[in-house]
Every structure is written in structure tokens, then in C-alpha cells.
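Accompanying notes for the structure given below.
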């Protein structure tokens with residue numbers, strides 16, 4: 001095999017050099033080339049693509065794929081008919097066959113042996129690698145610290161592998177390395193590799209500049225000019241008609257410069273595709289392959305593509321444009337928080353998968369602006385109407401609320417209390433529980449529908465603009481995970497491709513599926529148990545707070561606003577938030593390990609399985625306490641003398657006389673705000689501290705490092721699940737904004753402010769603190785879109801129940817229209833009507849307060865018969881009227897909102913009309929371009945064949961005449 005011969009040649013040459021001078025390495029002196037100009041065509045030289053077995057520590061063999069530069073001689077359209085077919089090579093490339101690159105080279109050589117004879121003679125002197133012991137073309141110290149090229153200044157470094165070795169090997173001297181122990185393997189993909197795998201991966205490339213006019217400017221768009229970016233940043237390249245690349249049709253594509261034809265994101269995607277399928281050994285009769293397995297086994301310490309340069313300064317010629325610096329100046333700076341995002345530049349640099357996340361986050365933030373404005377208006381309405389509300393006025397009135405004696409809130413330790421002590425709580429409750437609450441709940445049900453429908457339209461436009469119209473997820477499903485292939489011992493015929501592929505029976509994975517389901521269930525049960533523990537904490541400390549605040553004279557000044565209910569609610573919410581963070585930390589690691597043990601077939605199946613586990617857990621973890629306060633607290637309390645008890649020990653919690661909405665608002669605010677603050681601090685500070693510590697440990701600074709790859713090596717790794725957690729964080733926030741928004745109209749405003757910061761934090765850390773991630777394609781946000789649809793439907797029901805059962809809206813309406821006796825002030829007397837009477841003499845001995853009072857009766861919140869009634873303390877007729885009204889309200893509100901949602905979904909098309917027309921136009925033009933290309937090619941071949949036949953006939957006639965003349969000559 002070729003790489004075996006190359007290995008022998010290298011060892012023989014290394015041995016000769018070491019014999020001549022064992023103390024010093026000899027390098028061949030070459031003049032440094034100017035710029036990025038390729039070798040002149042009159043001196044063609046081919047440097048083959050091959051593999052080399054590295055000299056590595058004895059405890060592990062460290063296989064490496066090595067690529068080197070291949071000079072392109074001419075556009076190849078005249079391939080030999082005896083060469084392997086393109087489909088065979090493509091299928092071998094998909095399977096990661098190690099011989100495919102040699103086949104491509106041999107395919108080229110079949111018709112060009114004479115042209116390559118000189119290059120083959122110079123092969124030995126032209127081999128280049130980090131292993132070959134030759135003089136660099138210029139001194140190492142003179143090379144730019146920010147260069148992304150090999151020392152010849154021509155070949156671009158597309159990927160870097162690193163490993164750590166304490167033993168000094170002859171493979172590479174590290175005297176100038178940062179730590180003297182880290183070895184770097186630089187990988188360059190030559191033209192033949194790029195064109196082969198671009199065809200395998202179906203990468204679309206430009207064939208003609210688009211003639212479709214740009215979309216018309218929106219009305220009043222001039223008012224948005226301060227928010228827009230410069231045109232060269234927003235649209236760095238013109239719009240082109242594109243088709244899937246084919247190495248047999250290279251003349252069709254707009255190839256001005258082979259070194260820059262494929263963007264860097266496509267280049268590193270191709271290299272990673274090869275590395276992830278490259279075999280490196282056998283173990284227990286199974287083939288071992290893939291860079292991920294080598295990373296997991298610590299054979300290599302890292303694998304990453306290089307950034308374009310330093311983020312704080314532009315690149316210097318002859319280096320290409322530093323897109324990283326452009327992104328930092330126009331995207332990652334916090335002073336640009338009001339600017340739009342350069343989505344096309346993000347896509348070109350990081351790939352479509354990361355690009356579509358930022359498009360979604362930006363679109364979600366834009367839509368939040370409208371919800372935030374309406375929510376703020378509702379909050380301001382509640383603030384302005386506080387003096388006019390009869391409920392809080394009666395509670396705060398000393399002649400009304402001050403004369404109402406309320407029953408104790410706990411057994412024995414708690415004393416009787418006056419209703420006006422909750423004056424401040426009732427005013428705060430009115431901020432969120434007023435007439436605008438119903439309107440805002442209905443508005444958010446419509447808003448979430450508009451958001452999802454308009455996102456589908458935005459996504460369709462994005463698919464057209466980013467050449468993802470024909471992108472099918474099935475193409476990725478056919479790409480098996482290397483870990484899955486490594487575990488498979490059987491093969492099965494694929495009904496779609498009609499090819500044998502690795503197959504793992506269900507019985508082999510069933511135990512892990514069962515373990516996975518049991519684990520997720522147990523962890524969700526653990527979340528519920530922790531929530532119950534927090535409830536027990538609240539019940540147990542409430543009496544302590546109440547007795548302490550009553551006995552402590554120094555707290556009398558704060559009792560008006562820091563009541564035992566508010567104190568218990570705040571401390572319980574903070575404790576619940578801490579428990580949520582702790583459970584999340586441990587569950588993330590367990591869920592990732594279980595998903596890996598399930599051996600998913602594809603990367604999409606892996607992400608879908610992990611998404612289901614993480615979302616189910618975090619849904620229960622973050623929302624369980626809010627569901628408890630909204631739907632259960634205060635609903636099953638009982639009444640004085642016959643309270644319900646949790647585990648027979650702790651008395652059930654009661655709501656404030658103004659309702660439980662204030663506590664739900666407190667719970668939601670603490671969890672939502674705390675999660676956002678903690679998340680942003682973690683995302684910004686954590687990688688910054690790690691990178692600082694790594695540089696401090698190395699006793700150097702990033703700008704003083706020797707090389708581009710060493711600078712990137714000291715950055716934090718952008719893991720394969722980083723984007724997953726970003727989506728998860730956004731979806732959980734979406735739940736807070738939609739599921740419980742009726743209790744907290746300011747939730748969209750908090751989410752809007754957080755997302756404005758989140759976008760810049762994510763951009764900053766991705767541009768400055770993380771290694772460049774491997775580019776990947778995606779045409780949508782995937783399974784997250786289905787989750788958003790499910791949460792949108794659920795939010796209609798939750799908000800309807802919150803308005804009906806948690807707020808006081810429906811009881812007030814029932815009193816206004818059915819029980820009010822004051823025509824001029826219909827809500828006058830509502831507080832007295834909503835409180836029932838209890839005879840203190842009916843208290844059991846174990847629940848009566850320890851201190852005796854001169855009260856005969858006390859009041860409690862419920863609709864029950866008075867003690868002098870025949871059926872005392874039973875629910876009265878008003879209770880059933882209110883309950884019927886609540887159920888009616890839920891049904892009416894759900895049906896109205898769902899009717900509007902379905903009408904809007906039907907009325908708004910998923911794909912804009914202009915996008916449909918543009919897609920049809922582009923398909924028509926690409927078909928025409930391909931037809932004209934093939935037709936011209938056929939004409940050219942026929943012309944050449946005709947000319948050849950004519951020349952042959954003339955030559956044959958001349959030879960025949962010469963022979964006849966020779967015979968006739970005596």
C-alpha cells in the first residue's frame with residue numbers, strides 16, 4: 001500500500017540523516033513564496049494524499065490521517081473510461097474506506113501518466129509533513145504568530161489534532177512549544193479531497209450570480225437604519241444560483257481560486273467527516289475507527305479547526321479576511337446590543353446549525369418585544385388603578401379590614417390577626433390580578449400562535465437563502481454514528497438504499513432502554529419529593545416566623561410589608577431554586593451517560609433521545625413548584641376545626657385573603673430571574689476563568705503564544721451538546737413566558753431583557769473564549785419546534801385555569817352580577833362576602849391558640865354556611881355558583897383562544913409567496929444551466945472526435961500513398 005511505502009521511505013531517510021549528524025536536524029532550504037499564488041502551470045507537481053503512522057508513546061499507537069497540498073493542473077472533464085465510477089468512489093467515501101483517496105489519485109493518473117512523469121520523479125523531494133526532517137522554507141521565528149498556513153504559505157491548515165507526550169520523540173521538536181509537551185498534527189485537505197467529499201456530502205456551490213431582484217424595502221424601513229449593519233457585513237457575498245457540487249463538472253462552477261472556493265466551514269466539515277470514519281485498528285475482532293474514540297481514550301487530547309485569526313485585530317496580507325474579527329466588531333460587542341445580527345456571516349463561519357440557532361433566538365427576541373409592551377401596559381394599568389380598587393381599599397380601611405379578625409394560620413403557636421395587616425400584599429396582588437389579566441392571557445394565547453406561524457415563514461425563507469431547500473434530514477440519518485458501527489457485529493439490508501449496513505438487534509438495546517426509562521422516572525420522582533420537602537419546610541417554619549415576628553418588638557416596623565406569609569414564600573422560593581440547580585447539575589451527567597449507553601444509530605437519534613430525557617426532567621424540575629402554587633395550594637385546606645394535614649402532621653397551606661396569585665408571582669419571578677442571571681454568569685465567567693487559569697498556569701498570555709493553533713488550543717472546547725443546552729435554556733424560558741404569564745405580565749419583559757444580553761454573551765463567548773466548532777448543517781430547529789407547539793397548546797389551558805382558580809377575577813364577577821346589593825358601588829362589600837364565619841368555641845383543643853382572646857368568632861376565606869346554620873360549615877350555594885362560573889370561564893376561554901389559533905394557523909401560509917416564486921425560479925435556472933453545460937460539452941466532444949477522425953483519415957491516406965510510392969520505386 002502506498003502509505004506503507006511512504007512510511008518506509010521516511011524511516012530510511014530519517015535514519016540516513018541521523019547517521020550523518022545525530023545531534024542536529026537538517027532541513028532543506030527553500031525560498032519563502034510570496035503571497036498565496038499557486039505554482040506555475042508549466043512546472044506541475046503532485047504531492048499525493050496518503051496516511052502515515054506517527055511515532056507515538058509505546059502505550060498506545062496514535063494513527064493519523066495526513067493530507068497535503070495537491071496542485072490542480074486543469075479542470076478535469078476528460079476522465080478515463082477505465083477509471084472507477086464516481087458512484088463507487090462516493091459510496092466508499094461514505095463508508096470511510098481508506099483507499100478512496102488513492103483511487104481518486106489513480107483515477108486522475110490514468111489519462112495523465114506522461115504529464116505527471118516529472119512530478120513523480122520529484123515526489124520524494126516534494127513530500128511535506130510535520131514529520132519530515134527538512135529545513136523549513138523560512139525561519140520559525142519569522143513566521144506570523146497568527147498564520148493559518150503551513151510554512152510554505154500556500155497550504156491552509158484546515159484541522160488540528162493535539163496530543164501530550166512527556167517523552168521526547170524524534171517526530172517533532174517542541175523546544176519552542178508553550179509547554180514542551182504538546183504535539184500538534186496539522187491537517188490540510190487538498191483539492192482532490194475537497195471535490196470528492198463535497199460531492200459525497202452534497203454541498204451546494206455557486207454556478208451563476210442570481211438575477212432575482214432583492215425583496216422590496218418595507219414601509220418606514222428608514223426608521224430602522226440605526227439598527228442595521230453595513231451591507232458588506234450583512235451580505236458578505238452576492239446571491240448565487242447553486243447546485244450540488246460534482247467533480248466531473250468542475251467547469252460549471254464559479255471557481256476563481258481553488259484555495260478559496262470552498263469556505264472554511266465547508267473545509268473543516270469535510271475533514272471532520274473523514275476523521276470520524278477513518279479506521280485505526282482492530283479490537284476483539286471489531287474495527288475501531290473515528291476521531292471521537294481516539295479523543296475519548298485520550299490518545300488525542302483535542303481536535304478542532306482553527307479560527308481565522310485574533311479576534312481583536314484584522315488579518316494582515318497575505319492572510320485571508322479575518323471573519324472572526326468582523327464578527328467580534330459587529331456582533332460580539334455589548335455596545336451593539338441594539339443592532340441586528342450578521343446571520344450570513346455567522347453561517348459562513350460557524351455553519352448552518354449554529355447560524356439557525358441565532359436566527360431563532362433573534363426572531364424570538366423580536367417577537368417578545370410586542371408581548372413585553374402589552375405586558376408592561378397591563379402592569380401600568382394595575383399600578384394606576386390601585387387607588388380605585390374596592391378590594392384593597394376595604395382591606396386597608398381600619399374600619400373594615402381593621403375590624404375583621406382572621407382565624408389563626410397555624411395550630412397553637414399562631415394567634416388571631418387583623419385583615420388590614422395584609423394591606424400591602426393586597427395592593428401588590430392587584431398589580432397582577434385585575435381586569436387586564438384576562439385580556440393579557442387571551443393575547444398571549446394568540447401571540448404564541450403568531451410567533452410559531454411567523455417562525456415557520458422565517459425558517460422557510462432561511463432555507464431558500466442558505467441553500468437548504470432540498471436538504472433532507474434523511475441524508476443525515478443514513479450517516480451512522482461511528483460508535484454505533486463499532487458496536488455492531490451483524491449487518492442488515494437497508495430497504496431504501498438496498499445495501500448491507502450495520503445492525504444492532506433490539507434485544508441488545510432493550511435493557512438500556514428500560515434502565516433509561518426507570519432512571520428518568522426516578523429522577524422526576526426525586527424532583528417531586530424535593531418539592532414536597534420544600535412544602536414541609538414552609539409549613540414547619542411558618543409558625544416559627546409568625547411567633548417570632550409577634551414576640552420581637554424590633555420587627556413591628558416591618559410587619560406591615562414583611563408578613564409571615566411573604567417571608568415564608570420568599571425563603572421557600574429561594575430554597576427551591578437552589579434545589580433545582582443542584583438536581584440539574586447531577587441529572588445532566590447521568591442523562592448523557594444513559595443516552596450514550598442506548599447506542600443510538602445516528603446523531604439525530606442521539607440528540608432526540610437526550611432532548612426527551614432532559615426536557616421531561618427540566619419541565620418537572622422548573623415548573624413543579626409553580627404548578628403546585630397555581631393549582632393546588634389553598635384548594636384543599638378544609639376549614640377551622642377540620643383542617644387537612646400533610647402526612648397527618650403539617651397543616652395545609654392557605655392562600656392570602658387576596659389570593660395565591662402574589663405567591664405564584666413571587667415563585668415565578670425568583671426562579672425565572674435567578675435562572676437567567678445564573679445562566680448568563682455561568683456562560684460568561686466560566687470559560688473566561690478557565691482560559692485565564694490555563695494561560696496563568698502556562699505563565700504566558702494568549703497574544704504572546706507562538707502559533708495560531710497553540711492560541712486556539714488554550715481556549716475552551718465548544719462541545720457537541722453546547723448548542724443543545726442553549727436550545728433547552730431558551731425553551732424553558734419560553735415555558736415561563738407562556739405557561740404562567742397570566743400571573744406575571746412582566747415575564748415577557750424580563751425574557752426580552754435577558755435575551756438581548758444572552759445574544760451578545762453567546763456571541764462573545766463563541767467568538768473569543770471557545771475554539772472554533774466544527775461546522776454542521778441543519779434546516780430547522782429540529783425536535784424543539786414540536787416541543788414549542790406542545791407548550792403553546794398547554795399554555796392556553798394553564799392560563800385559563802390560573803385566571804379561573806388562582807386569581808380572584810371570577811369570584812369578583814360572580815359577586816358583581818349576582819350578589820351585589822349596592823348599585824352605585826357594585827363591588828362594595830365583596831371582602832366581607834368572600835369570608836366565612838367560624839365560632840371559636842368549635843376549635844378542637846389541640847388547635848386553639850395558646851393565648852386566650854375575647855373574640856367569639858373569626859373569619860376565614862371560603863364560601864361556607866355560618867355556625868348558626870343547620871348544616872354549619874358546609875359549602876353554601878355561592879360556592880357552587882362560583883365553581884360553575886370558573887368551569888364555564890375555562891371552557892369559553894379555551895375555545896375562543898383555540899378557535900383564533902386555528903384560524904390564524906390556517907390563514908397564514910407556512911412559506912411566503914415570494915419565497916415560493918424564488919425557489920421555482922432558481923430550480924428553473926439551475927436546470928437550464930445544467931442542460932446548456934451538458935449540451936456544450938457534448939458538442940465539444942463531437943467536434944474533437946470529428947477533428948480526430950479527419951486527421952486520422954488524412955494521416956492514413958498519406959501513409960498509404962507513401963507505401964504505394966515505395967513499392968513502385970525500383
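The backbone N, Cα and C atoms fix where each Cβ goes, and this holds for glycine too.
Range annotated as transmembrane segment by TrEMBL, chosen from 787-807, 808-828, 829-849: 787-807. Between the stretches 2-22, 23-43, TrEMBL puts its region 'Disordered' entry on 23-43. Of the candidate ranges 513-546, 649-682, 683-716, 853-886, TrEMBL annotates residues 513-546 with the feature transmembrane segment.
Checked against TrEMBL, the range among 478-499, 566-587, 588-609, 764-785 recorded as transmembrane segment is 566-587. Per TrEMBL, the range carrying the annotation transmembrane segment out of 298-326, 327-355, 356-384 is 356-384. Residue ranges 437-455, 456-474, 912-930 are listed, and TrEMBL annotates 437-455 among them as transmembrane segment. In TrEMBL, the annotation transmembrane segment applies to 731-753, one of the ranges 409-431, 731-753. Each of 566-587, 610-631, 731-753, 887-908 was scored by its Cβ pairs under 8 Å to the transmembrane segment (437-455), and the highest score goes to 887-908.
By the count of Cβ pairs under 8 Å, the stretch nearest in packing to the transmembrane segment (731-753) among 513-546, 787-807, 887-908 is 787-807.
Within the chain carrying the transmembrane segment (566-587), a Cβ under 8 angstroms from the stretch's Cβ atoms is held by residues 425, 523, 526-527, 530-531, 534-535, 537-538, 541-542, 545, 549, 614, 617-618, 621-622, 625, 663, 666-667, 670-671, 674-675, 678, all 6 or more beyond its ends. Confidence across the domain 'Anoctamin dimerisation' (172-342), taken as the mean pLDDT and rounded to a whole number, stands at 84.
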